[in-house]
Structures are given as C-alpha cells and as structure tokens.
Amino acid sequence: MARWLPRATDLTRFCQKLNRVKTLEDDMMETSFNRCLSTIDLTLLGIGGMVGSGLYVLTGTVAKEIAGPAVIVSFIIAGFASLLAALCYAEFGARVPKTGSAYMFTYVSVGEIWAFLIGWNVLLEYMIGGAAVARAWSGYLDSIFNHKIKNFTETHVGAWQVPFLARYPDFLAAAILLVATAFISFGAKVSSWLNHVFSAISMGVILFILVMGFVLAQPKNWSTQEGGFAPYGLSGIMAGTATCFYAFVGFDVIAASSEEARNPQRAVPRAIAFSLGLATGAYILVSVVLTLMVPWHTLDPDSALADAFYRRGYAWAGFLVAAGSICAMNTVLLSNLFSLPRIVYAMAEDGLFFQVFSRVHPRTQVPVIGIVVFGLLMALLALVFDLEALVQFLSIGTLLAYTFVAASIIVLRFQQQKGDVPAPAASGQPNPEPHEGPSSGELKEYESFSDKLQLVDRDKSKGQREPGQLKAAFEPYLEFLSDFYPGEVVTVAVVTLMVSAICLCSILVFGNTHLHLPTWSYSLLLVLFSLGFLLSLLLIWAHEQQHSTQTFQIPLVPLSPALSIILNIYLMLKLSYMTWLRFTIWLLLGLLVYFGYGIWHSKENLREPRPQRVSARYVVFPGGSLEERVQAVQPSSQPATGLPDTDTDDCKR
C-alpha cells in the first residue's frame, strides 16, 4: 500500500513547480505591442475606467439600499483603500513594464499557481465589469425613452423570474458590447482616440451635475425626518465600502497597459495618481449632490442622477445627464475590453492559458482573438445576468487581486535584485549554499573552489548588507535569524501576517453576529491576532530592503502594503455568503484549467535548471580566519577514476 503513496521528494518537486516564479527578460522594454501611449493617454484611460456606471448608477444603488447618505463615507474609505493598492500597482507597473497587471506582479514575486488564480479572477473581474456597465448603459438609454425598450422586450420576448438573472434579456447591452469589441480590434491608437472623446464629454457632464446639483441642494434631506445621515450605521457604511470598490477598479487598466506606454517608468505612477485622485473627488462630490437633491430612500437605483433632475422639475437637465452618462459608460466599456485581452495574452504567452490567445495581429498589434472571444463572453453575461449580482461578484475578485499585489510588494522589496550574489550573514559566516552544512562546525561543500573564494572575498565587506538580511541594529536580539537565506524570513513573516489579518478580520466581522462570542473571548482573540499581525510587521521591518532603484517606490514599506492587506481582507469578509459561494466555484474551475493545462504548458518548465554533473567537490575545514584548509574529495555519484589531480595545501588570498 505504501508504494502508491507519493515520495517526499516528489511532493517537494511538485510544490516547487506550483511556487516557481517568472523569469523576466533582460530588456523589459522589448515587446510585440506598439508603445504609443503617453501619460495623458494612460490618465484618461484610467479616468474612463473609473468614472462610468459607478458614478451614475452605483451611487444611487448604495445610497438607497446599503448606506444612505453615508455613501459619501463609503467612497472615502474605498478611495483610501484603493490608494494603498494603487501605489502598489504603480511601483510594480514602473519596475515591470509588462502587460498582465496583478497576474504578472504576482508571478514575478510570489509563485505560479497564485499568479494563475489572480489572473483567473482578474479575467472574471473585467468580464463582469464590462457586462455590468453595458447593462447600466442600456438602463440609462431606456430611461431617456421612458422605459419603452424594457416594456417592448418584456411584452414580445418575455420576462424571467430566476434568482441572479435579469428580468428580461438585455439585447441592447449585448449589442453595445459587440460594437465596442469591433472598435477595440482596430488597435491601441483608435481605442485611445475614442476614449479621449468620450472622457471629455463625461467630464463636462460631471461639472454640470456638480454646479446644478449644489444649486438644487436641500440640507433637510440629511435630517432625521428623512432617516438621518447614516441610517444603516457603521455596518452599512462598511458594507457600502466593499461594494463601492467597483468604482475604483479602473486604475488597473493603467498597469495592464504599461507594455504599450512610451515611458512606463514615469507614465504609469503619474497616470495612476492623477486618475485615482480625480475619480475619488468626483465620486465624493456627486454623492453629496445626489443625496442633497432628493431624499435618499426615494432614489431610483437604475438611473439615480437623471431621475433626481426629472423629479426636481428639470427634465432637460435629466436628459443631458442621461446622455452624458452614456458617454461615460462608453469609456468604461472601452477600458474593460482594452485590458481583458491583454491579461489573457500575458497568461497565454507564459503557457498558463491556451496558446491561441497569445497571437498578436501583425498590423493592428493587438490580440484580436482574445478581444473577439471575450467580447462575446461579455455580451452573453450582459444579456442574462442582473447588475447587482454582477457588482457583488466583481468586488471580491478586485479585493483579492489588491491583497496579493500588496503582499507581492513586500516580498519583492526584500528580495535581492537580479544578478546579486548572496552576501555573508551578519555573524560573519557565509550563507548556506545548496551543499553546505547548517553550522560552521560542520564540513561545508562547494561546487567549485572559485565559489568559495568569491564568498571569502565578500566576507571582507560584511558591513554592506543585502536586501532581505537582518539589520545590524537587530542582530544582537535576533541572531538566530542570520542562518536563513536573505528574504526567507520575510516571506514566512508575510504569510503569518496574512493569516493573522484573516483571523483578526474574521473576529471583527463575525465575532458578535455569527459566532456570538462572549466579551472576554472576543477581546482576547482580538488582542492575540493583533499581536500576531504587529509582530509579523515588525519582523519584516527588521530586515534590509531595496532602496537603490530608478523607478517609483511606494513609501512606508511594509506598513502601507500591510494596511492595504488588512483593509482588503476586512472588506472581502463583509460581502455576502452567496458571493463567496460563486467565487469558490469560479476558483475550482480555475484550478481545473491550471492542473489540466497550465502546469503542463508553463514556459517556466523549459527554464528549470537541469541536474549538473559535478566533476569535483571541495570540503572546507573550519578555520579561525579567512585562511581555510581545502581538500578535494570524490563526488559520491562518480567513480574514483574521475578525481582531478588536486593537491591538498593551504590556499591564501
């Protein structure tokens, strides 16, 4: 029976395959895409991705059903959490100017299976985002014609009464997605030009909404007679925050487009900062205007802004807002259809997804097959699914991607840069090599004598510590950590930090409601998991990190990414259990794709090092100085006749 059980070596090799990282090319600016996008192009692309249905539809939905006028606070918190994530994306986008966004960032720092799952969820994020925006676009156009399109469809086609599905098939939403897919197929220049036109119209409409809305504002709509400012309390505010994340997913399109930017090292961080700042300000101000114009409990979730102007007697203004919102939603459609095929391309190029999606059209320089296939899938989703269910599903994928990117920033920042040779440990002893013993009192083996000489040479400069090594100030207190490889302790600490964050947020969300914990155990668990989170953070901070870089770096590492991690996890746990159930099913489908195709076709399989034949080994007997006794010994895997003629003598520098 035991012979059917996998051996330990097989399990180790299998785990190594799952966690292998992507090898980047020496020239990361080389690409099959057309590098034609400027900072302004990327900024408008980000604004177009964020200011759309979230502004014209989501504000009304969250205000009426989740948070009330406190939707303003929900947007502020969501904007702050998105800022932390956006800074992580900005650093990665500048350092790794390759398409793929969160998938690529996770692949180069954490591991293959985690990158695939993130990429798999990002695919769903963009598909749902495009479908949800298309349905919002259709609803706004229908409101302009007094819901005649909806009534015609229900009368002649029929209505459905199925949970999570729309009441009627939305042929208009599917049609606009197909038209947008056709335009995206013409190339990045055409997509950018269309985005500029629609973004200019959208920003003009937003300015009109703010000016006209503050003129019509009535402070009594926040009074207690109308339910107060926060009728659903803190719980409603945080639940609204999780849903409001849908509004800020657009900055991801900037990172996904970094391979088509002219100067990604400068353009990507600037575009992310500008677009996120403008979008957050627009969401907050429009939420203020909307909830002051009409009572929050009377809002129309499908077309809140246009309906608010209609009810105040300004039908012409409502028509203008509805027309402007359609232009804004066009930019979101373009952003989603622009980014999704490029992420699919990145996964297919790495061999983790079907190779047919890695083909780039020689004339337009875009992945046409991916654009067409996923444009059709978006149209199908928009045809049959309900907007609210789609938005809830979207948030969890976005939050998970933010969490892994933040963790990847910590891991990457405390890793040695490409080409670095591990420096000696702080205690003055060389770091363990693959054949080295755990302590200085044992025999230490090296593949070649030059390896030993190089480490001895580096021993003279032991004051210069590499990224991932323990800081000198903490050496007397944490000397036992000096025996680990640089960055190894940080990786373990990041995993501990994430586990502590999950446990801490679970107690905060479910401790009093679902678990019904007594006060003493609730407080004790909060203290324990908070200490675990803080100790992990301090342990990471006690190590050296990379500082000498020519690209943008997020400040206050590891604090900023750690705050992003815990806030994202908290917001994920605030989502409904049905969202988690659908998300779990999607993850299982992703694992089937990975183990059925991706792991076997991964290009990292071709780069895995082959077993090297060792002609001789050198045993270094411990000495008291840089002079050590070196003796050639026979490798165990070779016959005695293969020994080189090496004398045993003293070797001095």
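Just so you know, glycine gets a Cβ as well, placed from its N, Cα and C.
From a predicted model like this one, the values you see are computed outputs, not experimental measurements.
Within the same chain, residues 132-133, 136-137, 139-140, 188-189, 192, 195-196, 198-199, 202-203, 206, 243-244, 246-254, 257, 260-263, 266-268, 270-272, 274-276, 278-279, 282-283, 286, 301-306, 321, 325, 328-329, 331-336, 338-339, 387, 391 sit at least 6 positions outside the transmembrane segment (36-58) and bring their C-beta atoms closer than 8 Å to a C-beta of that stretch. Residues or ranges marked as transmembrane segment by TrEMBL: 36-58 (among others).
Within its own chain, the transmembrane segment (70-90) is flanked in space by residues 59, 62-63, 101-102, 105, 229-232, 236-238, 240-245, 247-248, 251-252, 254-255, 268-269, 272-273, 276, 280, 283-284, 287-288, 291, 402, 405-406, 408-409, 552, 554-555, 560-561, 563-564, 567-568, 571, which lie at least six positions past its ends and keep a Cβ under 8 Å from the stretch. The transmembrane segment annotation in TrEMBL covers 70-90 (among others).
The transmembrane segment annotation in TrEMBL covers 171-190 (among others).
TrEMBL lists 197-217 (among others) with the feature transmembrane segment. Note on the transmembrane segment (197-217): residues 44, 47-48, 51-52, 55, 282, 285-286, 289-290, 292-293, 305, 309, 312, 314, 317, 320-321, 323-325, 327-328, 330-331, 334 of its chain, located 6 or more positions outside it, place their CB under 8 angstroms from a CB of the stretch.
The feature transmembrane segment is assigned by TrEMBL to 229-251 (among others).
Positions annotated as transmembrane segment by TrEMBL: 272-294 (among others). Residues of the same chain lying 6 or more positions beyond the ends of the transmembrane segment (272-294) and with a Cβ under 8 Å from any Cβ of it are 42-47, 49-51, 54-55, 59-60, 63, 68-69, 71-72, 75-76, 79, 82-83, 86-87, 89-90, 93, 206, 209-210, 213-214, 216-219, 221-222, 244, 247-248, 250-251, 254-255, 304-305, 308-309, 311-312.
Annotation comment: TrEMBL describes 314-338 (among others) as transmembrane segment.
TrEMBL lists 366-385 (among others) with the feature transmembrane segment.
Sequence annotations record features per position, and here TrEMBL assigns transmembrane segment to 391-412 (among others).
TrEMBL lists 421-443 (among others) with the feature region 'Disordered'.
The transmembrane segment annotation in TrEMBL covers 522-542 (among others).
Under DSSP, residues within the domain 'Cationic amino acid transporter C-terminal' (552-602) fall into helix, strand and coil as 40 helix, 0 strand, 11 coil. Taken from TrEMBL, the feature domain 'Cationic amino acid transporter C-terminal' applies to 552-602.
Within its own chain, the transmembrane segment (554-573) has Cβ neighbours under 8 Å at 81, 84-85, 87-88, 90-91, 238, 241-242, 245, 395-396, 399-400, 402-403, 406-407, 409-410, 413, 497-498, 501-502, 504-506, 508-510, 533, 537, 540-541, 545, counting only residues six or more beyond its boundaries. Annotation source TrEMBL lists transmembrane segment at 554-573 (among others).
Outside the transmembrane segment (579-600), and at least 6 residues removed from its termini, the chain residues within Cβ reach (under 8 Å) are 17-18, 112-113, 116-117, 120-121, 124, 347, 351-354, 392-393, 395-397. Positions annotated as transmembrane segment by TrEMBL: 579-600 (among others).
Feature annotation from TrEMBL assigns region 'Disordered' to 629-653 (among others).
Across the candidate stretches 229-251, 314-338, 522-542, the maximum count of CB pairs under 8 A to the transmembrane segment (171-190) is reached by 314-338. The transmembrane segment (229-251) is in contact with the transmembrane segment (391-412), judged by 3+ CB-CB distances under 8 Å for residue pairs 6 or more apart in sequence. Within the chain carrying the transmembrane segment (522-542), a Cβ under 8 angstroms from the stretch's Cβ atoms is held by residues 410, 414, 470-471, 474, 478, 489-490, 493-494, 496-497, 499-501, 503-504, 507-508, 511-512, 558-559, 562, 566, all 6 or more beyond its ends.
Across the domain 'Cationic amino acid transporter C-terminal' (552-602), mean pLDDT in this model comes to 89.
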